[in-house]
Amino acid sequence: MLATWTPDQELNQVRLRSGADMKRKLKWYDLVALGVGGMLGVGVFVTTGPVARNHSGPSVFISYIIAGISALLSSLCYTEFSVQIPVAGGAFSYLRVTFGEFVGYFAGANILMEYVLSNAAVARSFTEYLCSAFGISDPNSWRVEVPGLLQGYNKLDFSAVALVLILTFCLCHSTKESSILNLIMTAFHIVFFGFIIIMGFCNGSVENLVKPTGLTPNGIRGVLDGAAIVYFSYIGYDSVSTLAEEIQNPPVTLPVGIIGSVFIVSGLYCLMALTLCVMVPYNQIAEKASYSMAFQRIGWKWAGNIVGAGASLGIVASLLVAMLGQARYLCVIGRARLVPSWLSKVHPSTGTPLNATLFLGLCTASIALFTDLDIVIEIISIGTLLVFYLVANALIYRKYVLTSKNPPFPTLSFLFLITSCAIGFSISWKLEQQWWGLPLFGGIIMVVTAFFQYTVPCLGPPSEWSVPFMPWPAAVSIFLNVFLMTTLKMLSFQRFAIWGLLITLFYVLYGVHSTFEAEEMGMEMAVNEVPNPSIQLTKLEV
């Protein structure tokens with residue numbers, strides 16, 4: 001469970017288990033477009049309406065700013081890891097080389113859960129906006145209701161299933177062609193966003209931002225609760241890091257692709273959220289197909305139809321990138337033998353992880369058939385925030401212990417204190433009456449981080465790209481991820497606990513044995529490949 005791999009092993013020995021290499025065809029603009037396309041269609045069209053109506057009110061754009069800051073800090077941590085370890089495993093590989101096999105597996109399983117559930121939810125939103133594109137006001141009119149099933153699972157969505165299956169077959173064919181398709185759709189989508197923003201501000205009223213109950217009807221608590229939910233909107237930039245084996249010049253391309261896409265999307269999200277609240281008072285915003293309904297409410301039915309069509313296209317682009325990333329994650333987990341090895345195979349002619357793409361496509365289509373968005377959206381946010389929290393911890397540990405050769409105790413103590421203070425701050429926030437805890441725990445975090453910065457040197461070898469002002473960005477990322485997690489509902493934690501138990505049982509009963517056998521087989525093959533086995537055994541022992 002605690003066994004770690006070196007970056008060199010991830011890049012060479014483990015990657016060979018796929019049988020063929022992925023083809024390096026992507027450039028920096030492909031990566032930016034994939035990052036923007038992966039995030040842009042999900043957030044504004046799926047989460048903005050419900051969050052504005054039920055949590056943040058007109059200040060939903062502030063929720064997006066807070067979530068964007070947290071996503072940017074996490075993206076910095078991802079970027080440094082992706083430059084040092086340019087493999088398709090993303091957070092799974094970064095955590096495996098830092099904290100060991102089980103932590104990497106647990107994060108990887110949560111990422112896969114996050115991708116499959118979010119893709120299923122987004123595919124169902126596609127049906128809602130497609131209805132509005134044809135002028136149909138009832139978003140459930142294209143779904144088949146089954147009386148015998150539970151509420152929330154009783155509306156079968158065959159349009160969503162068809163979309164997922166079509167995209168699955170496209171991704172099996174070629175990554176580069178899929179990237180070109182995404183580039184075209186993303187360019188159109190940005191123009192389409194510009195249309196909504198300009199038309200919305202021209203026909204809206206600033207008074208709607210303060211009517212009927214002010215900018216923050218539910219106070220700062222509503223803004224932060226909204227930030228935790230809209231964090232779902234930033235799922236997508238991490239999928240860019242999973243394309244590291246398919247890009248040219250990773251040290252330059254990866255930072256531009258990851259950080260650039262987060263900046264662009266954050267700005268567009270804030271403008272789009274403002275536009276919605278300017279057009280319609282927050283308590284009149286529709287929870288389904290919010291933007292289409294807003295245009296119809298101001299008397300522009302034709303614009304509502306255009307918005308429905310454009311949103312549908314944006315959702316397709318988001319799904320394309322997310323499904324691209326999820327297959328790479330599963331492929332690398334298969335290389336580690338934590339899941340059956342046939343999922344790791346790369347097709348020699350297409351250069352894509354064919355089996356993983358097909359398997360996850362079928363899983364996503366099955367969930368999209370019957371599960372409503374409200375059921376999965378918060379458990380998605382928990383999984384995302386937990387993985388980003390672990391990556392920030394791993395970056396600090398790697399920089400200050402593994403590469404700098406410092407003793408681990410000071411760094412582990414620092415990480416423990418930061419997490420404990422973040423939890424204390426969150427509890428004080430939840431209790432409402434214990435306001436003294438906010439400045440106390442916030443002050444401790446700042447003092448501990450400053451003390452750690454000046455007492456523990458970072459002496460590792462120079463990297464091709466590194467996060468500036470360490471350890472501050474990673475420490476703030478840890479705090480924000482913990483805090484945003486605690487704003488979610490208890491039911492989401494209960495569902496997450498059940499999922500965590502299931503994946504842990506799978507690891508204990510299958511994964512740990514399979515990886516051990518794979519390493520034994522690898523050692524036997526290494527011994528058999530040299531004329532004098534005793535020489536090779538000496539190397540392995542060292």
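Using N, Cα and C of the backbone, Cβ positions are placed for all residues, glycine too.
The domain 'Cationic amino acid transporter C-terminal' feature in TrEMBL is assigned to 465-514. Here TrEMBL flags 28-49, 61-81, 93-113, 180-201, 258-282, 302-324, 352-370, 375-397, 409-429, 436-454, 466-484, 496-516 (among others) as transmembrane segment.
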Tertiary contacts of the transmembrane segment (496-516) (same chain, 6+ residues out, Cβ under 8 Å): 1, 101-102, 105-106, 109-110, 113, 336-339, 379, 382-383
Highest-contact recorded stretch vs the transmembrane segment (409-429), from 28-49, 180-201, 302-324, 352-370, 466-484, CB pairs under 8 Å: 466-484
Within the predicted model, mean pLDDT of the domain 'Cationic amino acid transporter C-terminal' (465-514): 86
Proximity of the transmembrane segment (302-324) to the transmembrane segment (28-49), 3+ C-beta pairs under 8 angstroms: yes
Region pair the transmembrane segment (180-201) / the transmembrane segment (28-49), three or more CB pairs under 8 Å: yes
Per Cβ pairs under 8 Å, the stretch of 93-113, 258-282, 352-370, 436-454 packing most closely against the transmembrane segment (28-49): 258-282
Chain residues in Cβ proximity to the transmembrane segment (436-454) (below 8 Å; excluding those fewer than six residues from its ends, i.e. six or more beyond): 410-411, 414, 417-418, 421-422, 424-425, 427-429, 470-472, 475, 479
Surrounding residues of the transmembrane segment (93-113) on its own chain - C-beta under 8 Å, 6+ positions past either end: 1-7, 10, 78, 81-82, 85, 87, 238, 326, 329-330, 332-333, 336, 338, 360, 379-380, 383, 386-387, 390-391, 393-394, 397-398, 402, 499-500, 503-504, 506-507, 511-512, 515
Helix, strand and coil counts within the domain 'Cationic amino acid transporter C-terminal' (465-514) (DSSP): 40 helix, 0 strand, 10 coil
